[in-house]
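Lifted from TrEMBL, the feature list:
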DISULFID  Cys295-Cys312  disulfide bond
DOMAIN    29-151  domain 'Bulb-type lectin'
DOMAIN    285-324  domain 'EGF-like'
DOMAIN    337-422  domain 'Apple'
DOMAIN    487-577  domain 'Bulb-type lectin'
TRANSMEM  6-23  transmembrane segment
TRANSMEM  434-452  transmembrane segment
Amino acid sequence: MGGLYFSGVFSAFILISVFFLPATKAASSSQLSPGEPLPDGATLVSSGGIFELGFFCPGNSANRYVGIWYHEFSSSTVLWVANRESPVLDRSGSLAIADDGNLVVLDGHKAVLWSSKVTSLQSNRSTAELFDSGNLMLNNSGVMAWQSFDHPCDTYLPGMKVGLDLITNVNQVFTSWRSEDDPAPGNFSVGIAPDRSTQFFIWEGNKPRWRSGRWNGQVFIGIRNMVPTYIYGFKLSNFQQENKMYFYYTQFNSSHRYVLMSDGVERHLVRANNTKNWSQYWAQPITQCEMYNRCGNNATCTDSLDGNSPNCSCLKGFVFGGGNLSGGCVRRTPLQCERNNGKASGGEPDGFYLMQGVKLPDLSDWDSGPSNYSQCKEACSTNCSCKAYSYATGIGCLTWGRDMIDIHLFSSGGNDFYLRLAGSEFGKSHHHHLLLLLLLLLFIYLIYTSYLECSIISCTYKGQQYEASSSSKPSKPHHPRNTSSTKLPAFLRQTPLDGTTLVSSNGIFELGFFRPGNSTKRSAFGTTSTTTVLWVANRDSPVLDTSGFFAIADDGNLVFLDGSKAVLWSSDVTSLP
């Protein structure tokens, strides 16, 4: 639950509703005992003087609520409210321990407006105490029976737990206030994803509004630039032993808190030293692309400069469904294994397209088998239902078998994501493949135009010398012109030799041999001038001397041979006539 969105200092009375405390207070005490109710106008103060409990009025409301706030430095910041949905309408209310041992809020007629609702308590054996952590605890016969930390409102304090009971599936969530004047549960809540994916979600009603991405043991991977645990102190419980999955963060001090605001934005607030002001250290969501699945299924969202105008694009290999983003995007070309009933046979094989800097999509499956990237790739490649995969540090192998939902492309950070596509999709935008094809066509053009030129008239033999260069780049080929010329044979079975070049009929391109930099190794090149090498044939297999030559082999392929007639490079075209 952290990132690095810093927005300066906010006054506490702006962030949280200003409320009005009574003018008189009883002598401070941290405990409440049976038969000693706390009336409106009196307060409990934790033993260290950090937190305070009593009645208050939120904002412009006249309704009275029992709440907990900071005792000294930020008394206008309410952290917890007991009777959120049942206010006292005047100043006649009180907080008491009832005959059944429960903690209750009463109105002037002694009607119970709120109760801790713990069953099987021993009557007259309960006490309540406010601790320096901000936790209000009800003890019965010396045993903790209830605590406010298990019933949070809108504020997440050090020591609180946000969790999921793995047996009952009960999710402990934080809920926003309805407004600054009304602490009743609002329309927004934050908690752990019920699918046990270790993600935090903010929901608007039952609809996802924002998610954190999975926890990798250090950070939530869907929060851009989140700093590690030693800054935030977040930890994940050992849920396999406790049958509960919950997050908590360690006690920095009382100056850190997370608040889910009534507008659905969660803010991490830090109190400025020795002041009553709070600075916003982080907030989510604050840009359009941080909103859950802003661009629809199988689409990516990239933030604009102002963060308010998302740039939506279909994933590679997908097109808009229905012609616009409202329907998300759909796959353009079926996968090979889908066309062959789950068998990867016949047609061009599927491939995986790498995307970098990605907030990984929601609804991933964790594969416990693979222990590295290669195994993860293999597991997905051999499973037709696997549509994408990612190997995330600290998590392992994640796979997707459905639509890709909620993809945000980060300007920094993020994860590598491999999307499965039909093989035909790769030729449509892989520019480097196109460039290689063009260069190959250029090379063939050079050879065959020179071949025709030699067949019809002649090719000029030009001796060459190459000057070594101290640069790490290939040195330019030098071509001192020989005043004599020699006709090359019409068939290129033994030509051109090292020291000979072929020149295209229009005089623009030249093909021959060169020595890069300070190397003594020789390579074949194509160039537009004596200073620019455009293409190299035998990049991996240089000739060690000047004995090399080009030829057309018996199978029709263009080959590059050394002095012993060993083939160092071939055009490798099959089925030539």
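Yeah, the Cβs are placed from backbone N, Cα and C, and that goes for glycine too.
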Are there residues at least six beyond either end of the domain 'EGF-like' (285-324) with Cβ under 8 Å to its Cβ atoms? List them, or say none. 5, 202, 207-211, 264-265, 330-333, 353, 355, 362, 403-409, 411, 419, 421-422, 425, 429
Counting other Cβ atoms within 10 Å of each residue's Cβ, which of the disulfide-bonded residues Cys295, Cys312 comes out lowest? Cys312
Reported mean pLDDT - the domain 'Bulb-type lectin' (487-577): 70
